[in-house]
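> Can you read through this structure? Questions will come right after.
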Amino acid sequence: MSVVQPAGRRLTVRDIASRKSPAAEPVVCLTAYTAPMARLLDPHVDLLLVGDSLGMVIYGLPTTHGVTVEMMIAHGQAVVRGSSHALVVVDMPFGSYQESPAQAFRNAARILSETGAAAVKLEGGREMAETVAFLVQRGVPVMGHVGLKPQMVHAMGGFRAQGRDEAEAEAVVAETRAIAEAGAFSIVVEGTFEQVAARATREVSVPTIGIGASADCDGQVLVIDDALGLFTDFTPKFVKRYADLASTVSAAAEAYAADVRARRFPAPEHCFGIRKVG
């Protein structure tokens, strides 16, 4: 059972960055895309990630490539409004930062100023280190994302775990180190062989947040729709389902439809009637 966090100030980038030592409590992260969901998750987590995964789980897109800055801003605003405790981080979508550090800064600054979120997340290894440093030097906190990078799914040959051989393992460790040295305050390590993710965690001085990686990471994140059993198109190997809300929602809709068709709903207690006087 989750431990409800005490009410008080919202967690900061510095709070998350400090959770690195083996004695530190692991960082608890979940994705959120709406104010009601953020409100439910906020007391239990340290970080709410407004992930570009919303393109697939909310909008039904086949990949995250169709997600826009405007979509991320709208959902980022909702999550910030719905939370008061967790640090809120917003993904930078595909095409919004890869062209140049200047492009990345323009879009990151817009995301932060229009949402009220504390940080942005971007994918990439050594090729993005210059961009990460450029943003951090200009006051934009950055969470990195290495290993399996969904925005590069086509270039990477699909959704396949990284670190299968020595060359891939070294590449994952090197990109984790490069992003940490560039100034990221934490790094998501996704879809990476356990031993490789554990090694990458040991070799950097900032917290790693695992998703399909290792229990040795400094924190964990899951897509909330996966964890709640709401997204049923497919279930990644690394997902643990904590509920089966798809079945619950379907059963509720079925019961509602039956009541309407049988004229059991609305019942008198659900209707506004005229009071009798005298």
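The backbone N, Cα and C atoms fix where each Cβ goes, and this holds for glycine too.
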> Which one, ASP15, ASP91, ASP165, is listed by Swiss-Prot in the same Mg(2+) site as ASP52, GLU123?
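Only hit among ASP15, ASP91, ASP165 in Swiss-Prot's Mg(2+) site, alongside ASP52, GLU123: ASP91.
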> What are the non-local neighbours of ASP91 (Mg(2+) binding site), defined as same-chain residues 6+ apart in sequence with CB under 8 A from its CB?
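Looking at Cβ-Cβ distances below 8 Å from ASP91 (Mg(2+) binding site), excluding near sequence neighbours, one finds LEU49, VAL50, GLY51, ASP52, SER53, VAL67, MET72, VAL120, LYS121, LEU122.
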